[in-house]
Every structure is written in structure tokens, then in C-alpha cells.
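Asks: The structure that follows is given in the form of C-alpha cells.
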């Protein structure tokens, strides 16, 4: 597969990931309101879980081609998950004086995202 084909597939994965992030974020606002950045937390945890699955899938040769790793890892997950939004959410919480929510957001994103990546990895490594 040529470089331009791979770039096209990465871009497609990125478009799907970005649209997914928007939809998940909007759904979280409908469910929980805007008082806490649930959308960012959700996409980061889900994306970390999928990344764990993806890495294990390559280790177990379930997905053995490099283009899939790039399309899913760089494209889809790169657009789905977001450290910049996570950072901005915390700046806004800090400006509002919501230090407890800011600390909770940081703790939940770090602990749940790392846990989700580990769980996803372990699920396929035991296969």
C-alpha cells in the first residue's frame, strides 16, 4: 500500500474519530449536563481501552498489518481522545474556582484511562 493510500486511510480514521468524539461529548451533555467534563473523560477512557485492545491484537497477531495500526491508532484514536481538551477543561474549572472538580477530573482521567488501557490489553493477551 502506498504512502498516499495510508494517509487517506489515516485521515478517514481521524474523521470517524473526531465525529465520534463530538457525538459522545454531546450525548454526555444530554445525560449529565455541563457541570463536569464527562465527554472528555468518556472518550479518553474508551480510547485508552481500545488502544489496549489494539496493542494486544498486534502482539497476538490478530491484526497483523501495519496500516490497521496506523488507521486505528493514529487516525481514529488520535482524533477520538484528546489531551488538549482535557487540559482546557481543567483550566476552565480552575478559573471557576472548582478546584475539587478539577482534581477529580485529573484523577479520574489518569487512573481510569490507564486502567482501561491495561484491561483492554489483558483481555486480548489472555486469548
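These residue numbers are counts, starting from 1, taken along the chain as shown.
Cβ coordinates come from backbone N, Cα and C, glycine included.
These numbers come from a predicted model, not from an experiment.
Annotation comment: Swiss-Prot describes 4-24, 38-58, 71-91, 104-124 as transmembrane segment. What Swiss-Prot records for 78, 81 is Na(+) binding site, and it gives sequence analysis as the kind of evidence.
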Asks: Translate the DSSP assignment of residue 81 (Na(+) binding site) into the three-state scheme.
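Replies: Coil, per DSSP.
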Asks: Does the transmembrane segment (4-24) reach the transmembrane segment (104-124) with at least 3 CB pairs under 8 A, where each pair is 6 or more residues apart?
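Replies: These two stretches do not touch.
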Asks: Around residue 81 (Na(+) binding site), which residues of its chain at least 6 apart sit with Cβ under 8 Å of its Cβ?
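Replies: In sequence order, the residues whose Cβ lies under 8 Å from that of residue 81 (Na(+) binding site) (at least 6 apart) are 21, 43, 44, 47, 48.
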Asks: Please list, in sequence order, the residues in the chain of residue 78 (Na(+) binding site) that are at least six apart in sequence and whose C-beta is under 8 Å away from its C-beta.
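Replies: Listed in sequence order, they are 13, 14, 17.
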